Amino acid sequence: MYLVFTTNSFPWLTLIVIFPISAGSFIFFFPHRGNKVTKWYTLCVCSLELLITAYAFCYHFQMDDPLIQLVEDSKWIFFFHFDWRLGIDGLSLGPILLTGFISTLATLAAWPVTRDSRLFHFMMLAMYSGQIGSFSSQDLLLFFIMWELELIPVYLLLSMWGGKKRLYSATKFILYTAGSSIFLLIGVLGIGLYGSNEPTFNFEISTHRSYPAALEILLYIGFLIAFAVKSPIIPLHTWLPDTHGEAHYSTCMLLAGILLKMGAYGLVRINMELLPHAHSIFSPYFIIVGAIQIVYAASTSIGQRNLKKRIAYSSVSHMGFIMIGIGSITDAGLSGALLQIISHGFIGAALFFLAGTSYDRIRLGSFDEMGGMAVAIPKIFTMFSILSMASLALPGMSGFVAELIVFFGIITSQKFLLMPKIIITLVMAIGMILTPIYSLSMLRQMFYGYRLLNAPNSSFFDSGPRELFISISILLPVIGMGIYPDFLLSLSVDKVELIVSQFFGR
């Protein structure tokens, strides 16, 4: 047994992908009223999964090797030449660890859920497997299947445990995401079936292929639509505020922390790495749309009267920095985009969690009814204030470092002339000025003033040990990345250099 677990031949990635959904299937054998047993079991599964992932990566992943590692390749369906092919590199390592961390904390955040607890926690574990599978797939068709695996759990989590308009938001979510998945499937089949007697969906083989210019552009547009919906990129973002506005806050943590990052990961893994010529053509549009998205979403966020919708639009704004980093085609820009993926995964999940805990106490979601909460719930006020500062890129926090590196990426890019770079930088600066406006006004409208202090029932329970543990667990990595970002950047630096060098080498 010792030899099995200490050799690279052990199927670590298969275990990591299959374990959550397999262990989750046993939940349905628990007693119907055993909510506490179900919660503890799910939390133990997520914690064990995170520990296995950390162990496998610490002892079997070589940080200085940019190539795919822990590769597993097994024949699955011979007729389609469809393989179970998994592997990780510096590009997927960070998102996988982020998925494990946020999923475990989201399970702990879902503690108050009591209705249909078994189905709720099974859906969370099914999402866990789908997300890990997407980040570790080295087969395009397997990537598509894992991409689709998390759609049904999210739909059910929205439609069964959401707010008053949950059916509307769930239907809108599934129409957008399932509709965009058609373009993803067409792109996958186009790459797999082109130029070969036998179809091949191997990522590594597809990376070294060349395609006719017109076909590559068509494939690129198909993938771009699919990933633009999931990221989201304007104008395909309108499902996000409605979804966040109605979802339970533990679901919001998974959406903001992981689901949106799957779209950004796809843009780098497929659009940038597999289709470099088309990406070179579309990169200026990435820069322009990203800059517009930063300002537009920040401006729209200021006008939102609902707390969760304001945070949702702030997420859309921050995704604009990822687009600019990807479009800059520089080592610094791409590294900043990858760091922003992880940074915003933590910050977005934390803000939605704190918004949900605040709603649990006051049962109010509109800023018009809020005010004076700082005295009643000082611990939540403190954590909300600190993480709002992280969202507005306060120095010493992860958001500041990520956005600063993206700035360096666009400024040092050799692809663009000086005047366009100056204009884009100014637009990004305007967006960074708008961010403190909506963040600080959110704090002012929620926590200051006298509205709740004058209410008949103005006594509330402050944050408990469980909620404080979740908030601090997310805050520590945010501060750690802000103080010492090189630890996270070192995971992907070799892979980033390989992608950019191959990009200019072709």
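Using the three backbone atoms N, Cα and C, a Cβ is placed for every residue, glycine included.
Taken from TrEMBL, the feature transmembrane segment applies to 12-30 (among others).
Feature annotation from TrEMBL assigns transmembrane segment to 42-62 (among others).
The annotation transmembrane segment is assigned in TrEMBL to 91-111 (among others).
What TrEMBL lists as domain 'NADH:quinone oxidoreductase/Mrp antiporter transmembrane' is 137-420.
The transmembrane segment feature in TrEMBL is assigned to 141-161 (among others).
Positions annotated as transmembrane segment by TrEMBL: 173-197 (among others). Here the transmembrane segment (173-197) has Cβ contacts under 8 Å with residues 140-141, 143-144, 147-148, 151, 154-155, 158, 206, 209, 211, 215, 218-219, 221-223, 225-230, 236, 239, 242-243, 270, 274 of the same chain, all six or more residues outside its ends.
The feature transmembrane segment is assigned by TrEMBL to 217-240 (among others).
According to TrEMBL, the feature transmembrane segment maps to 282-299 (among others). If you look at the transmembrane segment (282-299), the same-chain residues 6 or more away from its ends with a CB under 8 A from one of its CBs are 220, 224, 233-234, 237, 313-314, 316-324, 326-329, 410, 415-416, 420, 424, 427-428, 430-432, 434-435, 437-438.
Annotation comment: TrEMBL describes 311-329 (among others) as transmembrane segment. Through the fold, the transmembrane segment (311-329) approaches residues 231-234, 237, 240-241, 243-245, 256, 260, 264, 267-268, 272, 279-280, 282-287, 289-298, 300-301, 304, 335-338, 340-341, 344, 348, 351-352, 355, 391, 399, 402-403, 405-406, 409-410, 413, 415, 424, 428, 431, 434-435, 438-439, 500, 503-504 of its own chain, all at least 6 residues removed from its boundaries and within a Cβ separation under 8 Å.
The feature transmembrane segment is assigned by TrEMBL to 341-359 (among others).
Long-range neighbours of the transmembrane segment (380-410) within the same chain, counting only residues 6 or more positions beyond its ends whose Cβ lies under 8 Å from a Cβ of the stretch, are 287, 314, 318, 321-322, 324-325, 328, 330-337, 339-340, 342-344, 346-347, 350-351, 354, 357-358, 361, 373-374, 416, 421, 424-425, 428, 432, 435-436, 439-440, 442-443, 446-447, 462-463, 467-468, 471-472, 474-475, 477-483, 485. Taken from TrEMBL, the feature transmembrane segment applies to 380-410 (among others).
Per TrEMBL, transmembrane segment is recorded for 422-443 (among others). If one looks beyond the transmembrane segment (422-443) by at least 6 residues along the same chain, the residues whose Cβ comes under 8 Å of a Cβ in the stretch are 287-288, 291-292, 294-295, 298-299, 301-302, 307, 310, 313-314, 317, 320-321, 324, 367, 384-385, 388-389, 391-393, 403, 407, 410-411, 416.
Taken from TrEMBL, the feature transmembrane segment applies to 468-485 (among others). Residues of the same chain lying 6 or more positions beyond the ends of the transmembrane segment (468-485) and with a Cβ under 8 Å from any Cβ of it are 101, 105, 108-109, 339, 342-343, 346-347, 349-350, 353-354, 379, 383, 386-387, 390, 395-402, 405.
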